[in-house]
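For reference, TrEMBL has these:
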ACT_SITE  H257  active site, proton acceptor
DOMAIN    19-107  domain 'O-methyltransferase dimerisation'
DOMAIN    126-295  domain 'O-methyltransferase C-terminal'
Amino acid sequence: MMEKTQEQVLATGQTEFERLLFGFADTVALKCALELHIADIIHSHGNGGSITLSQLASAIDTPFPNISNLARIMRFLVHKKIFTNCQSSDGGEPLYGLTDTSRWFLSENNTSFLNFHTHPLILNSWYSLSRCVIDGGSAFKSTNKSELWDVIKQNPQLNDIVNESMASTAKFNVGVILSEYKDGFVNIESLVDVGGGTGTFVTQVVKSYPHIKGINFDLPHVVATAQDHKGVITHVGGDMFQLIPKVDAVSLMYVLHDWSDEECIKILKNCRKAIPEQNGKVIIVDIVLEQQGQEAS
């Protein structure tokens with residue numbers, strides 16, 4: 001195999017650089033698809049879940065949709081494998097369809113996770129990422145002058161989006177966790193889900209293991225809006241940096257990655273205080289960034 005020339009090496013680097021540079025387009029295209037309800041329109045169409053561009057345009061909630069711009073957006077989303085595009089059997093207009101990915105854009109699957117991460121307060125914070133190094137602290141606080149959780153507390157609309165996002169994530173993950181870690185819950189008499197939002201995760205665990213006394217533990221303003229699950233779980237408001245209710249096991253789902261190493265140590269120390277010396281458990285579900293070239297798991 002011939003070695004690459006210097007020009008080829010530079011061209012490869014430039015291509016990768018531009019791919020990374022325009023990565024933001026993926027996010028805003030997803031937000032666009034959500035705002036236009038494209039997945040819902042395709043899903044509700046009678047032709048086996050397939051639809052032409054003109055049919056899609058006519059179903060969008062606006063009197064004069066720009067079909068040319070819609071076509072360019074759909075071409076990009078098809079390229080990203082968000083939707084499919086194939087020729088119709090009668091030789092007419094090509095048909096757009098759903099993929100496994102775009103099904104997560106359906107309203108029935110709760111799109112709050114995307115709504116949260118594309119919220120202007122969240123997106124704008126990324127522009128201050130360098131301030132984390134220069135000033136320390138978080139990019140969110142550098143942009144918004146307060147930490148995320150303080151802003152959420154004062155913003156009921158954002159609080160609802162966050163709670164719904166957490167519930168959606170928990171609903172998706174709990175089935176996998178119960179399947180892969182099923183023996184881990186058998187000998188637990190009590191479980192507290194720390195940072196559990198409105199209680200989706202611990203509720204599903206207790207429904208699968210009715211012998212467990214389940215506690216959903218989160219900030220007071222979060223549990224105040226949670227659905228009452230009498231006879232299933234108990235909601236407890238508090239601060240995980242101060243005290244965690246005593247139980248046999250503590251679960252932390254997507255909590256630790258939000259905090260610094262020092263803050264994580266405080267949380268884990270409080271978890272240790274909450275569980276028995278013998279046979280106590282701390283169950284951690286979180287994102288792990290693998291070595292170079294591997295996907296996060």
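Placement of Cβ uses the backbone N, Cα and C atoms for every residue, glycine included.
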Neighbour tally for H257 (active site, proton acceptor), based on other Cβ positions within 10 Å of its Cβ: 11
Residues of the domain 'O-methyltransferase dimerisation' (19-107) by DSSP state, where helix covers H, G and I: 47 helix, 9 strand, 33 coil
